[in-house]
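Enquirer: My structure is below; once you've seen it, I'll send some questions.
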Amino acid sequence: MYQNIRHQAHQARVRQELGLKRLEINSISANMADSPVTGVPPLPPRYRFRDLILGEYASQDEDRVQVEFYVNENTFKERLQIYFIKNQRSSLRIRLFNLVIKLLSCVLYVTRACLDVDPSKAKCHDCTITPNYTWMEINWAPLVWVNRSSPITRPIWGIQVVVAIISFLETILITYLSYKGSLVQSVFNIRFLLEMINTVPFIITIFWAPLRNLFVPVFLNCWLAKSALTNMLNDLNRAMQRSQSALAQQVIILIATLLCLVFTSICGIQHFERAGKNINMFDSFWFVIVTFSTVGYGDITPELWVSKAMVIIMICVALIILPIQFEQMAFLWMERTKQGGSYSRQRAESENHVVVCATQLQTDVIMDFLNEFYAHPKLQDYFVVLLAPSELDNNLRRILSVPLWAQRVMYIQGSALKDQDLVRAKVDDAEGCFILASRNEANPAAVQASVRHSLCPVSPDFSHTLSLTVPQERCAGRRLEDEHTILRAWAVKDFAPNCPLYVQILKPENKFHVKFAEHVVCEDEFKFALLANNCLCPAMSTFITLLLHTSRGQEGQESSEEWQRIYGRCSGNEVYHIRLADSKFFGEYEGKSFTYASFHAHKKYGVALVAIGKDEVTGIKLNPGPKHIMRKGDMCFYMAITKEENSAFILAKKQHEKEKSKFSTQPRSTRTHSIIAGAGTVALELQRSRPSNASNHALLSPPHNSDKRPSIADVMETFEPEYVPIPLDEPSEDEADQHDGRGDVAVLDYVQDYPPVQPYIGYTSMVCHLMKEKVPFCCLQLNNPCQHNNFEYAHHYKWPNKSIIVAAEYATPGLYNFIVPLRSQCRPKRELNPVVFLLENLPDERFLEAICCFPMVYYMVGSINNLDDLLRAGIIHANNVVVVDKESSKAAAEDYMADSGTIVNVQTMFRLFPSTSIITELTNPANMRFMQFRAKDFQALNVAKLEKKEKEKGSNLAYMFRLPFAAGRVFSASMLDTLLYQSFVKEYMITLVRLLLGLGHTPGSGHLRSMRVTESDLWIRTYGRLYQKQCSSSCEIPIGIYRTERKPLVGMEATVRPFQRRKTQRRRKDYFDEETRSQNSEREQLRELVKSRVKDLGLPEEHYDDLHNRRSSLSYVLINPSDDTRLELDDVIYLLRPDASVPCASTPTDPDEISLQEDGSIRPAPRNRSPENRKPQSNTEETSVKIEEETQV
């Protein structure tokens, strides 16, 4: 009663509150016009006060309603369905139990059949009289009844009854749970009928004893076991999420089907023959195997027509079922061949593997990766997993099927953005993941833009339209590929944070997106920096390419030409690292200067110590100079044919003693004169005055007004502060009178500072020569007169140095990396070369804003296939012409035709201007054989034969002997791919190459430069003496030689038989005469064409040089040659110069200051120093430079 009263009072209070709320809502709605639209009207004060007092739980129990979800699963049927069907793990256990039950029933049947050896006694249970079952000449009693009454078979019957009851109940329950409204569909099911046939008779025998010996075809349970196995595999795949094992599942099902056919035939024939021969189970097995294998010996044959009918039925069933199974397996096999398999977890845990992700697996790229990756001995046991969304092409599929790669490489078709595919590749267990960019991906928009552009001439008026649409469309392919690469890198890092990433990016502006990766190589960044260094140090692209490829230096050793042998042997040099404390090469130089260690290690072991670092990655310095003292913890980076761990040390003591005894037979005075005249290791006093301009390009020459031969100083062991520092890059005094590059004689307004404009995010700033004030945009265009000047051609600017022309399709941020090495602070101001960008499209303002701070950098709109544009750009006065690969050419239908336009244009340019050095970038390295092509060039034909031999040997650098590549006149960005591959083992390679190319800088690190050998420098004679001279004078370290030789006229004699040689010589003479006449006529026509255009444009004709033909010479690179390599005229020496702040030792030139040691070495004479301040000399015989015999230079 009391509760009812409270309830009524509560309802009245609620109605009252609702009424008040309605009134308040009406009043609020009436005043909405006065209230702001954006605000919500506040609650009345009494509600706010009640909420403050009572809190949010004031009316919690009054209005809240508890909602229960998934009530449909609380029913008994639904719970059974979840346990038996829906839940993967519980249903898997149920199906496994069902499989065991079915297999147990089959085993029990076989056991009972083997024990029932007397079919004549077959009758019903407890029957005293055996009825006559003969019909159609067959006694059917042994077929209807079996013996289960013996003491041995009685327990088997009991077990069979229990199994039958379990199977019957399970079948009824599953049928009830899977009932979907159609009883006929549930009952008239093959599986349900087999269950009833094999279980109901056993259950009836419990209640009716005479039927206990009734035959039941329990062997048919093998088909139910196969069905249970199939369902179990499906549940296993769902539970373990292994849907990629469809082929393995199909193979298991096929094997199970074959076993069921064989087992059914064995049991059926054995049972039907009980009324005939009564063969046992083994004889039945023999007969079935012989029959199904189509052998048919005929020793055992069925007698009854029932058995024969059984055999016919089973053969028909096999002919129907097996082809279906084989078809499904073949389909799955083809799909797996297309999509690849999966890398097993067991192999991932026990073996090492790496994953390679790419948009498209190109044959050349993958083979370069595999050859370079497996060239390292430590990686022979690694496994490579290729992951790509595209299918393998037939060529690559055929290559990967070779046993050499089939056991090491696995292909998986999938996407790196899908975790399921990353699981298949086991990226989380991989030692590294390489994400490669497909640089040759065709873009439909780029193809259409290329067609439109090819139909329209490049003109100043039309180029404005092109600059707005074409560049964006053409670079869309590379930008899209970078976007794919970035997403792949993010996906892999998200899935496997601990897996090291090796990422290849095409455009530098996208580099900062993958900054988290352990190793990143930006193609445009390295490519343009390498092309720029090619203009400063000739063939630097070839030097870096050979240095990055793994080789044993065995290429070309069977050639008959000496240059190919020495070039191939030196190409085997690579960069290695070792800690000083563990090194035999450099361990003895602990406490000595870096320069001292580098020189003596090269003299003693033939290795070039080029850099030092704290570890393999950080603090790497190129040639830190003599101020750096070698310590145990230093990481030494050196160039050698092989690393120290794989080298053997053999001391040539006999040769040393022989040379020493030969030297000791000479009188002392003769020895002294031989030292001075033969330019031994005698000290040379460096001039304190500022060297001339030519001294930066040539070696130190002997004094003109001196009768004494120059000599070489010893390399000091440690840095001594009293030695005179040599300013390396200090500007000369007369630089104030140099031209400013704009036609007027004025003071050079250059400063050394960081560029004020960053071309893209993530750029590493370098100190460069800059203008004090930015150049106006109008002055940047070479052929555009403005209010500041009226110049139209490059000739009008009257530059002090020859220019560098860069022909590109459009201005990209990557071109900024071409300018920086040319304007580096390491280069003297007087040696800066003007840079002219010959662009097919107008650059945007962002590019102009980035280059306007650099001195002598211009652009003009034009094309290399236009002769007038080349003349306006100043090709006659150019030092180098760099032709950058076009983006539109990559959209060619055929991959190897992508370079067709570039090759033809460069060939035309070379024919018109043979004296100009042209550096060409190609898409495919195989096309370099078409550069400067002549059909009957015997030298090129011999090189082609050598290239084929190297390919047959499996060389990674078969194209290295091509003359354009050896001379450094052709380059392909794909050659830089090995830089990323080598970083897997050599983590320092990317940093080291960046320092070499000037893309990065470490405090105290040196830089790359070159010098040319002149006639006055030939007294040095050998590379080893040059090494000592540079280390002792300027602390520079030589790392290689660029050599130019006159091309020999190689004929056909070496390739023909002796009886054909005379005929071949006559033909060769006739050919050369005809070729000479043809070339002279053609040369005259081209000369007249160029001169006529030069005259029409108003340019001076005397600067046009068409006589110097670069085909008459061959050039090649020697990386770290041996000490006894002789220097030749015009050799270009690659040097690592220390930082400008590093002081170097001064050396004496006076012969009186020479002191001859007893061991034959030469030391500088003691100076006026106290004995306690002098450094002790080294006692190591190997580190002293021996006297050489005097030779005629």
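Start at 1 and count along the chain as shown; that gives each residue its number.
Using the three backbone atoms N, Cα and C, a Cβ is placed for every residue, glycine included.
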Enquirer: Please find, within the list 191-211, 212-232, 527-547, the residue stretch that TrEMBL describes as transmembrane segment.
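Expert: Among 191-211, 212-232, 527-547, the range TrEMBL annotates as transmembrane segment is 191-211.
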Enquirer: State the non-local partners of the transmembrane segment (92-111) in its own chain: residues 6+ outside its ends, Cβ under 8 Å from one of its Cβ atoms.
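Expert: Same-chain contacts beyond the ends: 83-84, 156, 159-160, 163-164, 166-167, 170, 198, 218-219, 221-222, 224-225, 228-229, 231-232, 235-236, 239, 263, 267, 281.
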Enquirer: Should anything in the same chain at least six residues away from the transmembrane segment (191-211) have a Cβ under 8 Å from its Cβ atoms, list it; otherwise answer none.
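Expert: Result: 105, 124-127, 157, 160-161, 164-165, 167-168, 171, 175, 217-218, 220-221, 223-224, 227.
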Enquirer: Just to be sure I understand, if DSSP states are collapsed into helix, strand and coil, how many residues of the domain 'RCK N-terminal' (801-941) fall in each?
Expert: 60 helix, 29 strand, 52 coil
Enquirer: Apart from its near flanks, which chain residues at least 6 from the ends of the transmembrane segment (247-269) lie with a Cβ under 8 angstroms of it?
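Expert: Hits for the transmembrane segment (247-269): 106, 109-110, 113, 217, 219-220, 222-223, 225-226, 229-230, 233, 237, 279, 281, 284-285, 287-289, 292, 302, 307, 310-311, 314, 317-318, 321-322, 325-326, 328-329, 332-333, 336.
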